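Comments concern the structure below.
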Amino acid sequence: MTMSNLKLGVQVVSATNLMPKDGQGSSSAFVELHFDGQKFRTTTKERDLNPVWNETFYFNISDPSNVPNLALDAYAYNNINAATHTRSFLGKVRLTGTSFVPYSDAVVLHYPLEKRGLFSRVKGELGLKVFITDDPSIKSSNPLPAMESFTHSEAHATQAPSMTQQVQNLFSGDKAESRHTFHHLPNPNHQQQQQHFTAPVTEQAVKYTVDEMKAEPPQPVKIVRMHSASSSQPVDYALKETSPFLGGGQVVGGRVIRVDKLSSTYDLVEKMQFLFVRVVKARELPAKDITGSLDPYVEVKVGNYKGITKHFEKKQNPEWNEVFAFARERMQSSVLEVVVKDKDLVKDDFVGILKFDLNEVPTRVPPDSPLAPEWYRLEDKKGEKIKGELMLAVWIGTQADEAFPDAWHSDAATPADIAAAVSTHIRSKVYHAPRLWYVRVNVIEAQDVIPGDKSRFPEVHVKVQLGNQVLKTKTVQARTMSPLWNEEFLFVVAEPFEDHLILSVEDRVGPNKDEVIGRAMIPLNSVEKRADDRPIHNRWYNLEKPVAVDVDQLKKDKFSTRLHLRVCLDGGYHVLDESTHYSSDLRPTAKQLWKPSIGILELGILNVDGLHPMKTREGKGTSDTYCVAKYGHKWVRTRTIINSPCPRYNEQYTWEVYDPATVLTVGVFDNGQLGEKSGNGNKDMKIGKVRIRISTLETGRVYTHTYPLLVLHPSGVKKMGELHLAIRFSCTSLVNMMYIYSRPLLPKMHYVRPLTVLQLDMLRHQAVNIVAARLSRAEPPLRKEVVEYMSDVDSHLWSMRRSKANFFRLMTVLSGLFAVGKWFGDVRTWKNPITTVLVHVLYVMLVCFPELILPTIFLYMFLIGIWNYRYRPQYPPHMNTRISCAEAVHPDELDEEFDTFPTSRSPELVRMRYDRLRSVAGRVQTVVGDVATQGERIQALLSWRDPRATAIFVLFCLIAALVLYVTPFQVVAVVAGIYLMRHPRFRHRLPSVPINFFRRLPAKTDSML
């Protein structure tokens, strides 16, 4: 192929729902195409708001290497008067060169028409098919005002097979794009996915409003590359926007183009059909053993997929009530076989069989009532009726079926998957994390402390224990036998309250040796609850002897030690069980304080592409993956898909949103509980996670993107795959949402009685442990390593990489101030005389009219905000390796970050890292000291530490007061500003007098050791 034959083909298909512009409720639309200095125009469709063109144009590509820098502009106009060439604007679409694909990968996409200016009245969509061809038989179009349409189907039948690869090589550059730019690249995993499955919803062409369009074969999903302008990173790590066919229709530019009028509850996932088989029970099964007993189980088989129920021992009327789901797209047989067998030690005996033709199985669509099971007489291998009946229900449904979550799935079946215990670890599940409370314990004093050794004054302290949480008061010498502490402790507890609060008064009888004097146990169910800062009632609690004693001795020696306490359950706080920056819920514990929800968050977990193998099975690399999503108290887990590098989940979940300043976290994990004997203690391995802040989502828009799963390993950052999600945030109350922005981020108690940073860290750690313990007891369990990874428990630990990243973030924030300072320096040095003169004029105006200063500042910020609206982000933020300083991090710094706490490295390595940390801390120490020095010099102006300097400054203040008293302030401000911005020829290279005077002032550095 010679690159000079390359041409850009643009098929203008149709437009829909255009804005009427002719004053009679219609428009006469035509489209102008602009590319690389060439311009073409379609015919005009008179008085039609949904015009159809189906006209194709070909542009010459003069320099193929420059294609990524070019853009195709499509302008839609309303033809007002053909004679005078007057027209009105209907909208535009802009596509960059990186979006152009070969003809074999091109599909028709309907792009939302964009405005040309702030006050443009635009609506509707424009359908285009854009591709690159190298067919020499195709000639470029004739650039006339109106074109005759011609087809191109035959011209593309002879395209070279190497076209795809060569064209894609043109666009490997990473360019910055503007806000109205779409970028489409073919999905590299499409061919691999089509070998395994074909999505049912893409088997049909989208039903557009254009009658002339013909159904096309299924096309690969087109990816829209979105790059962060502020911090570019490798293209492979960038977020990509997709246009998948979901249950509600195709998503283009955040809008759903519906295929039909019917809508589904599961409209954010691809529609998947399953064959459901519910095995309920059997009766009067024939005996097979010599003893006349039967150990029955049922085997459900479709092609190569087989599901097995549990077996019952010696039972001829068993009840299973188990559901099996077989993915319709993977079924290789048209017959369903349900076999009843007898469990035996050597070989299982055949009892009876049922066969169903899949073409006759009914289809059920919720909210239809569940299909009623029926009794079926068993048959032998010859097809004759025998004794015994089986109750079954067989139907075809989707993932919206009520039986889907608890069903056994064919895509989770392996030859080794025969144990019922394994199946419990692969099902989808919705978890509700327990409601957490803070327990506030105020230990005031004890009374009548009786030590074991009465020859000495006891040194007592109180140990407070709640579950695994243990805290102690300071040790006090009880000379009056009534020690006073008045210390307060906080603990975390979860509903339902299972643990008791245990308080022990202990005597320090020796080094690291304590003797229990008495103990009190307080059930948490009896503890007072509060949701505000009202006073807590104090109580005296009698202590009990820690060991049993003789009753007569107890009567003779009455044990009357008491403990004075204030205990309450604080419900006015939000118990932080995750990192503060990624909180998914900010509501207080007490439900009475909850505000109404402001919206609904819907998440569709579609698929994962390009997974790295996480384990080895039968000599081949494979993965058994599932996804976990966390928002608020609700955790969800998808089903585990076995042996798939590109698993398709297509599961949809919903959450109520109470605060937009919250974060949804979605993680992908490899299931380690399926029988493999690995060296990691059968932990579920993390593959990656994605965070999505709700406040960054536009209301009502569907976000369909593939998120790179980036994980930091000791060897560096790795991309483990791409997670495909569909997200929609729907606002139910706009007033409530706007009101939320004026409210404090945390509940009132966090400000009335704030907790220290040390307390918050300790309580967060305890809260995560409690949530992990509760969720690990569910079925299937959500393991501790999963909960900790989703909650970012290690985000507070020291990391040289994170420290650098935070420093550069701070520098980025301050870069605006540095830029203003540099600009003002250029003004002072008259680098651009015209700018300096204009600044002088503006300064004089503001000084003369000071009431205009604040309005000018706010108007300036308003205009900046309006200008930036055109370039607002069109996609959620995602993890950035450049911002995280993860691209070129030193291996030793990564090894330090992955070190345990406390460290497990060698003393020599720890000493080297300690010296490095001392070096960094020394620089920080120097900067802090310099800042303190400048502040102390300001204090020294009037402290008479340097009597001559203070005398000079006091005299200067007196003269300045007299001068300013008789001189108008505007005059002083104008003179000072002009002096500050004076021309360089009136300026000295040496520092000014005030700076020299300030630097000579004393500081407290002389007093430092």
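Glycine is no exception: its Cβ is also placed from the backbone N, Cα and C atoms.
Heads up, TrEMBL stuff is auto-annotated, nobody curated it.
Feature annotation from TrEMBL assigns domain 'C2' to 1-111, 256-376, 414-541, 582-707. What TrEMBL records for 723-741, 807-825, 837-863, 952-981 is transmembrane segment.
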Residues of the same chain, at least six outside the transmembrane segment (952-981), with any C-beta under 8 angstroms of its C-beta?
827-828, 836, 839-840, 843-844, 847-848, 850, 941-942, 997
Going by DSSP assignments with H, G and I as helix and E and B as strand, what are the residue counts for the domain 'C2' (414-541)?
7 helix, 69 strand, 52 coil
Over the span of the domain 'C2' (256-376), count residues by DSSP class, listing helix, strand and coil in order.
6 helix, 54 strand, 61 coil
Pop the mean pLDDT for the domain 'C2' (414-541) in here, whole number is fine.
85
